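Here's the structure we're looking at; comments come further down.
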Amino acid sequence: MQGKPRIAVIGAGLGGTAGAALMARAGFNVRLYEQAPAFSRLGAGIHLGPNVMKIMRRIGIEDELNRQGSHPDYWYSRDWQSGAELARIPLGDYAVSHYGATYLTVHRGDFHALMTAALPAGLLQFNKRLTRVDEDDDVVRLHFADGSVEEAEIVIGADGVNSRLREHLLGAELPKYTGYVAHRAVFPTPLDSGSLPFDMCVKWWSDDRHMMVYFVTGKRDEIYYVTGVPEQQWDMGKSWVPSSKAEMRAAFAGWHPTVQALIEATPEVSKWPLLERDPLPLWSRGRIVLLGDACHPMKPHMAQGAAMAIEDAAMLTRIFEQTGLQDHAAAFRLYEDNRAERASRVQRVSHDNTWLRTNENPDWCFGYDVYAEPLVEGRRAAA
């Protein structure tokens, strides 16, 4: 092997892009491979808590995110019918003073575009769908659908819930359908809301379903909602299907007038299955390591799924900087030791869908700083 060890990141979602950006800034020889032909502004929003914004500071896009995003003063939880306040979690200025970074909501596509723009030229390659993986003691060979073959000494699987690299490590297994779907819609903020309580960030709760609503721009001219609604079956051959205003009316019949107004203002809505996996017995083997949904997919009910992938990427970069890449097995063990317990906790709480329904202390989540956490060894077995 000549020159620096080569790192290949498979999957340019939020976790993979963050990892490639951080590793490039740290001086590693990294390439990022994405199966899509290009990116578009997909219709979804995202929460970026202080735990993520501190990582964006390292990538160099914190200020622009703060300009583009919406900064809610509180996370509200409300009763589905009466609108009564169930919880009010301070964010806004409190997040800055207490956690050391902002809490914002933003359009997922805008966030992804900023991270992608932070990558060095030529690092990201599109139209790279992974079809086969060969490995020996010294190198991993990545075979793509376009006929190309790339080699790397380290391969990072950031390729999502249906990860090809997870399948290579552990065998083929479909993720679990949880019995819930998420309806998603992004659209211009209704102008005729009158006196209805359009909170900047609110989750409406009933016993068996919910709707999370927030602005995705600093101008508050675009609003997003995502639901959790029970649905007995899902065709696992489909990643999503169109929904409709009629389906939304039926799912949320009798809900508060604010929810009804949002439904009536919805031009288009899609429906997605909520998928999970049991915690994996391993996150790495040989020269391959997983991050994000490839190893711990979760329901979105804490708004922390992407955050966990980004934290994984930051921790892996931090450990590579500390240990170097020659003893990759030791680096991977240290990564699991310092990520598996937290990711599993977030996965459990997300599954239970109890997060911030009452006035609880979110410090363990929002106050986490991947760069300040003391590194520990041997904790993986306890996760």
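Glycine is treated like the rest: Cβ placed from N, Cα and C.
As written in Swiss-Prot, here are the features:
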ACT_SITE  H47  active site, proton acceptor
ACT_SITE  Y214  active site, proton acceptor
BINDING   G15, E34, Q35, H47, R108, L130, D293, A306, A307  FAD binding site
SIGNAL    1-26  signal peptide
For FAD, with binders G15, E34, Q35, H47, R108, L130, D293, A306, A307, what's the maximum Cα separation in whole Å?
30
Among all protein chains shown, how many Cβ atoms are found within 10 Å of the Cβ of Q35 (FAD binding site), not counting that one?
18
With every protein chain in view, how many other Cβ atoms are within 10 Å of the Cβ of A307 (FAD binding site)?
25
Other than its own, how many Cβ atoms are within 10 Å of the Cβ belonging to Y214 (active site, proton acceptor)?
24
Give the helix, strand or coil assignment DSSP yields for H47 (active site, proton acceptor).
strand
Taking the Cβ of G15 (FAD binding site) as the centre, count every other Cβ atom within 10 Å, in any protein chain shown.
31
Using other CB atoms within 10 angstroms as the count, which residue among the recorded positions H47, R108 scores least?
R108
Taking each of G15, Q35, H47, R108, D293, A307 in turn, which of these recorded positions have a Cα lying within 10 angstroms of the Cα of Y214 (active site, proton acceptor)?
H47
Rounding to whole Å, the Cα atoms of Q35 (FAD binding site) and H47 (active site, proton acceptor) are apart by 25
I'd like the number of other C-beta atoms within 10 A of the C-beta of D293 (FAD binding site), please.
28
Residue pair A307 (FAD binding site), H47 (active site, proton acceptor) - Cα distance, angstrom, rounded:
9
